[in-house]
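**Student:** Here you go, one structure.
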Amino acid sequence: MSLLAPSSPHAHRPLSTSHVMAQVSLATLPALGVLTWLFGWGSLINVMLAVTTAIFAEALILKLRKRPWRILMDNSALLTGLLLGLSITPLAPWWLPVLGAAVAVVVAKQVYGGLGQNPFNPAMVAYALLLVSFPLPMSLWPQPLSLQAEPWTFWEHLTHTFTGSLHAIDGYTGATLLDAFKHKGALTAEEFWLQTPVAQAVLNATTGVSLAYLLGGVYLLWRGIISWHTPVAVLASLLILAAFFYGADPSQYASPSMHLLVGAGIFSAFFIATDPVTSATSHKGKLVYGAGIGILVYVIRTWGNYPDAFAFAVLLMNFAVPFIDYYTRPRTYGHARAQRGIK
Amino acid sequence: MAKIWDFHGGIHPAEHKDLSLQVPLRQAPLPAYVVLPLQQHIGAPARPLVRVGDKVRTGQKIADRQAGISACVHASISGTVVAIEERPIAHPSQMQDMCIVIESDGQDTWVERAPLINWQSANAETLLAHIKGNGIVGLGGAGFPTLSKIQSGRAHQLDTLIINAAECEPYITADDTGIRHYPQELVTGIRILQRILQPQQTLIGIEDNKPDAIERLREATIGTNIEIRVVPTKYPSGGEKQLTYLLTGREVPSGGLPADVGVLCQNVGTLIAVARALVQGEPLVRRIVTLTGHALAAPANLEVRLGTPIDALLRVAQLDPQKLARLILGGPMMGFSLPNAQVPITKTSNCVIAGTLQEFPSAAPEMPCIRCGMCEQACPASLLPQQLYWFSKAKEFDKARLYNLFDCIECGACAYVCPSQIPLVQYYRFAKGEIRKEESEALKAERARQRFEFKQERQAREQAEKAARRQGKTASAVQMEPSVQKAAAPASTETLDLKKLKIQLAAKSVAAKKAQQALTQAQEAGASAEELAELTKTFQNAQQEQAQAQSAIAQATETPTATQSPSPDVAELKKLKIQLAAKSVAAKKAQQALTQAQEAGASAEELAELTKTFQNAQQEQAQAQSAIAQATETPTSTQSQSPDVAELKKLKIQLAAKSVAAKKAQQALTQAQEAGASAEELAELTQVLQEAQQAQSQAQAALEQQQVPKTQHIQAPPKAADAHLKQLSVQIAVKKVAFRKAEQAWQQAHSSQQGDLDVLEAHMLNAQEALHKAQAELATYQAQQSSASNKQVTQDGDQHLLKKRKIAVSVAQAAVRSAQKRLDNLSEIKDTPSEQLAAQQARLASAQAQLAQAQDALAQAASTRTQEIS
């Protein structure tokens, strides 16, 4: 009798990377549903295009790199495509999600060596690239379906996506609420809400989407897939800053609830900033990392050029991750104090 | 309810404890034979007291403890000692170790037991003596001799005794069973320890998943000052460090013991064994073992005689061999898997898991780390497992240490939770092993360095003697030359002679060629090494004769012209040149022979012989060269006015010759390395090279010395101090050269992974030290100088002094740093002897003292300077 003699530990928790990725993907589904319900088929089409492209690009690179196919089963390409598809405007032409997903997988992930090696969040790299390169189609959001007289059918939307022949008439589109608020000019906040009749409807719709993301985030917390540190730090820092400035001048600055519910706040806090590969390691580090994102988002939203800033904030904090990691190491058992930096 | 301090991390693996708790504890049947390893504990193995053929009785001491940390071994059954030999023991590497094998007589006759009747009134020493005499060791898993643990605990200020009943590993129920069946013995054991240690509090730490055991403990401890602390079930709460924190809130310092924070931990099983030893006089011959796993039809806890083969126990538990996929000794988290069951139960074996493939599926393929941080959340030591993983994988061991790799207790919690199925603990074991290896190698290098210092001293002495002898020889040779000349001259006038010589040469050439052919043929035919050696010798002889004939012809041809030449010097020169040519030919031939032998794969001895021949030839060649050089120089030197110049030239020539020799030696070494010569040969060649290099650097030094005074004469008035200074500088230059050479040699050897790296490294370090010493010497000397002539010193000189002092300080700093590093390395290794540590500490202290002195000197210099400036 001779048995295999692997070393300890012999027991293993039945949890795999692909399972983690699948859980995160699953947690986005409520929001995808709400997006489709409130803004039409665009998001679903985006997600399908981005996911297909991402998986195809991953497969291509794996073949080029002569890596085993089982890597494709880790669901990471699926998740990247999904997150990108969700963050792009429902009115996007087909090449936006396709180009974005290809860039995310090939340039932002596989070029660095694949899963676990990329310093920057792939979906956000792609999003930032698209936003900088194609600002117009990227910032054109549809009005909620409730404001549309004749919402597109799925086939109509598909035709629009691929041919662009069905020009979205003016009533269908508009800048995002954050964009509109930013460019309210001399209006006070109160006047803005009064003078922009659709604003309240848009606010309601985005709030619905945000709550759906929150639901998914809570699910991930419950399943222990993510820790609370990053999302709480992101949202808390954002809210604290918003509350401070809103408290100082409510007529000029957006309210904390608007910062929280409009735009990509909750989505990014639970699904983007928690990307394990590109975020800080320790709990303390995650708090610092999340707070950095929240602060940057507020700063860019309020005083910067872009209406929303999660992609840039996350990417900037990705840069800072090694630094954060060096200075937020936990105190090891039996040591008087935590070590900082690296000698 | 007393406070429980929750530790960071931890996991909740499936427990599977009920599997072995279905049936009550029972005695395992007596085995037919037992195999008792002499080392069932941490520390020195026991020394056998019995011989093969001896009759032994149960409980008889059959192996005695050694001094220091050790424990004795007792016969666990009665019968006959049938073997004292190496047997496979329970070890992951299928290691064998010395064991005493006893064949049972089936009687189980006990020796007369010697209980301690009145342990309640006995003093601590008596109690300890009984613990010692009964071979008690920690039964929790590590097997640290209980006597040593208590003694080291007594050396500290202990206030808390902790009884570890947590048993946090899944599957294992041995301690649980022990508590439920022997609560009174456990309490007696605790009271014995209380008597020895006199702790202020005694705490039993037990996980809340053992309600029966907790109830029994409550009943048994009524009326005692023993407190039961129930801790939440969480792996690894049974780790000594974790339990200490859970119950007291004190953290065991890194690299320390619980005793450092006033705590001593003892395992349940150990205390029951202590009680049995003292109250019943029963030495440690049995223990409770959990037999569990789904490949067993009747899992149970058995009281097993030590040395019982595991396969016998598996039969008792009705193993289904078809189902068995993994056999684990210990728990599923920290136990190790056994390749087979033919190994004995020892004092530390608490659990045997016969697992099925469903229970323990083969490891899934390792996926890339996604830095999810689950490992960090699980780590009970608050480490960053994923960072340690990256560093271990990239072999960045310095960083791994910086991230406290050695605080990892290898509990496996990180690997358990890792979604990418990375075997993290394996990476840490690898890194730890590599670091320990590096440290032991550093230690070895240090020892080699010391050895080398002695050797070098000896070699330097021999070299000096040799040089002296050689000088004497060349002098006599120069005197002899003219007479040879005269003798050769008359004979050479006849051309007939020349012809004869030429014919001789042709014959010799033919002979040489034939010998070579024969050798080649033999090589191709695959002749035996001896034959080859013989043929090679013939070939070499032939070549030598050929070379001799050639030189004879050359002499004959040259002499006529020599007679015509006006100066006898020129003739001599020619002759020397001929000699050189002959020697060169011989050297080249020897080299060829060596290369051939290497290609033919000759034996190491042959190669060594050939190498020696080659080296001799080279040496001769070099000598011839230097002789020529001397001869060439002498005429000019007579013309020159200054004898100094002549000497200088001579030295230069010598240097050139030595350089040639060194280069040749290096070539030989490189060739040998490429040919893949054996380590010894390489070492020999390296030595030759080093000698040559040394000779070269000596020559260089001599030359520089010669040059220095000359320039001094011209430029400056002779000053003894200056000369000494120069000498020191020259020394430094020489040492620098030596160091650089040593470094090169080491690098070469390192990159080719050949040769004795230890020796080379030691040599390099040695050279470096010598260099530093020389620098320091210079610095001190200059300091003395400047202080002597303090009044006349200009500011410039002061600045110079300052710089020197600074150098001295930095040299001292470097020394301190290296001493500190070595000390750190030593102290990281757990079982470094304390004397060694102390010695290293002393070394560090002296280095620090030197540094302080140097800094003082620097400060003084600085202050003098500022004073002068102001």
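Cβ atoms here come from the backbone N, Cα and C positions, even for glycine.
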**Student:** Pick from B:226-263, B:454-491, B:796-833: which range does TrEMBL record as region 'Disordered'?
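**Tutor:** Among B:226-263, B:454-491, B:796-833, the range TrEMBL annotates as region 'Disordered' is B:454-491.
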**Student:** Going by TrEMBL, B:Cys369, B:Cys372, B:Cys375 bind [4Fe-4S] cluster 1; tell me which of B:Cys168, B:Cys265, B:Cys411, B:Cys418 is listed for that site too.
**Tutor:** B:Cys418
**Student:** Using C-alpha positions only, work out which of the binding-site residues B:Cys408, B:Cys411, B:Cys414 is nearest to B:Cys375 ([4Fe-4S] cluster 1 binding site).
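**Tutor:** In terms of Cα distance, B:Cys375 ([4Fe-4S] cluster 1 binding site) lies closest to B:Cys414.
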**Student:** Sequence gap of 6 or more, C-beta under 8 Å: which same-chain residues meet both conditions with respect to B:Cys372 ([4Fe-4S] cluster 1 binding site)?
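**Tutor:** Long-range Cβ contacts: B:Pro419.
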**Student:** So which of these binding-site residues, B:Cys375, B:Cys379, B:Cys408, B:Cys414, get their C-beta under 8 angstroms from chain A?
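**Tutor:** Cβ contacts with A: none found.
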**Student:** In whole Å, how far is B:Cys418 ([4Fe-4S] cluster 1 binding site) from B:Cys408 ([4Fe-4S] cluster 2 binding site) when you measure between their Cα atoms?
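**Tutor:** About 16 Å separate the Cα atoms of these two residues.
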**Student:** What other residues of this chain sit with their CB within 8 A of the center of the CB atoms of B:Cys379, B:Cys408, B:Cys411, B:Cys414, the recorded [4Fe-4S] cluster 2 site?
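**Tutor:** Apart from B:Cys379, B:Cys408, B:Cys411, B:Cys414, the close residues are B:Gly9, B:Cys375, B:Ala378, B:Pro380, B:Ala381, B:Leu383, B:Pro385, B:Ile409, B:Glu410, B:Gly412, B:Ala413, B:Leu424, B:Val425, B:Tyr428.
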**Student:** So for B:Cys418 ([4Fe-4S] cluster 1 binding site), how many other CB atoms are inside 10 Å of its CB?
**Tutor:** 27
**Student:** Express the distance between the Cα positions of B:Cys379 ([4Fe-4S] cluster 2 binding site) and B:Cys418 ([4Fe-4S] cluster 1 binding site) as a whole number of Å.
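**Tutor:** The Cα atom of B:Cys379 ([4Fe-4S] cluster 2 binding site) is 11 Å away from the Cα atom of B:Cys418 ([4Fe-4S] cluster 1 binding site).
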**Student:** Give me the Cα-Cα distance between B:Cys411 ([4Fe-4S] cluster 2 binding site) and B:Cys418 ([4Fe-4S] cluster 1 binding site), rounded to a whole Å.
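**Tutor:** One finds 13 Å between the Cα atoms of these residues.
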**Student:** Once near-sequence residues are set aside, which residues in the chain of B:Cys369 ([4Fe-4S] cluster 1 binding site), 6 or more away, have Cβ atoms under 8 Å from its Cβ?
**Tutor:** B:Gln386, B:Tyr389, B:Trp390, B:Ser420, B:Ile422
**Student:** Please list, for the compositional bias 'Low complexity' (B:543-556), how many residues fall into helix, strand and coil according to DSSP.
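**Tutor:** Grouping H, G, I as helix and E, B as strand yields 14 helix, 0 strand, 0 coil.
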**Student:** Note the mean pLDDT of the coiled coil (B:757-864), expressed as a whole number.
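**Tutor:** Per the prediction, mean pLDDT sits at 73 for the coiled coil (B:757-864).
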**Student:** Would you mind listing, in sequence order, the residues at least six apart from B:Cys414 ([4Fe-4S] cluster 2 binding site) in the same chain with a Cβ closer than 8 Å to its Cβ?
**Tutor:** B:Cys375, B:Glu376, B:Ala378, B:Cys379, B:Pro385, B:Leu424, B:Val425
**Student:** Which of the listed binding-site residues (B:Cys375, B:Cys379, B:Cys408, B:Cys411) has the least company, meaning the fewest other Cβ atoms within 10 Å of its Cβ?
**Tutor:** B:Cys408
